[in-house]
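Some notes on the structure that comes next.
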Amino acid sequence: MAAFAVDPQAPTLGSEPMMLGSPTSPKTGANAQFLPGFLMGDLPAPVTPQPRSISGPSVGVMEMRSPLLAGGSPPQPVVPAHKDKSGAPPVRSIYDDISSPGLGSTPLTSRRQANISLLQSPLVGATTPVPGQSMFSPANIGQPRKTTLSPAQLDPFYTQGDSLTSEDHLDDTWVTVFGFPQASASYILLQFAQYGNILKHVMSNTGNWMHIRYQSKLQARKALSKDGRIFGESIMIGVKPCIDKNVMENSDRGVLSSPSLAFTTPIRTLGTPTQSGSTPRVSTMRPLATAYKASTSDYQVISDRQTPKKDESLVSRAMEYMFGW
């Protein structure tokens, strides 16, 4: 029977890693846990590679793997990056204070802190950063934001809404018609008179819009449904609810002061309503009501003529007495 002697200098199984460069497993102490550290979410200890004297054909392989060794620079210790322990069991209480923000903070915590800082200073991003000055400096927080008016804000319909508040109640019977040339104002007014009884209309002296007041809200909604309609194959008209409080207040004040100026124009008897006396604009065009009346009326009123009457003077009586006339 042959006896095998064990060489005491020979490396035992498990003392040397299988491949070069693989990290060795950490040694467990006397009070080690039952589960290994990577299952509990612990970070592995940084491993510093130790230089070894290797001769033979494996030297070229090592030089191809690590070109830094050939340059002569000292090897840098491998520091593992922090990973989120979302899949590992908890290792501390949720009420414990985190002392190190780099190791204890998660991406969710850092994202929440960034959102809180942006909410606390909303005017930081509005100012233009100066070269050499931080955007999050306290000097930029108190500066007012400089806004540039857009083309929509320069529009008169947009600026009229700046004076409105949440407590204001607008009259739903008023609509604003815009987008027509000045020469076609009467034509557009005649077209919108077909959608309801127009109580009053106010035209702009220099602009391309007019405010129309209907008798009921239903008629105003019918006019609002014509927004974007093309009239005369060349005029696209826009219709919006009126937000000009001055026009509404002046109209109500004029009705209360002089009720005779409030002129109601039914479409069955009059095609184009005449302007009230409170309107400052003087119309130079011929009213269309005359031609419309003549074409729709069934009866024509003849003006009174000069009819002969009996002379009751003294001379006529004397002649009648003498000659028997």
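For all residues, glycine too, the Cβ spot is worked out from N, Cα and C.
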Based on the annotations in Swiss-Prot, which residue of S117, S134, S251 is described as phosphoserine?
S251
Checking S100, S150 against Swiss-Prot, the one recorded as phosphoserine is S100
Candidates are S22, S66; I want to know which one Swiss-Prot annotates as phosphoserine.
S66
If one consults Swiss-Prot for phosphothreonine across T48, T265, the residue flagged is T265
Measure from the Cβ of S251 (phosphoserine) and count the other Cβ atoms within 10 Å, all protein chains considered.
21
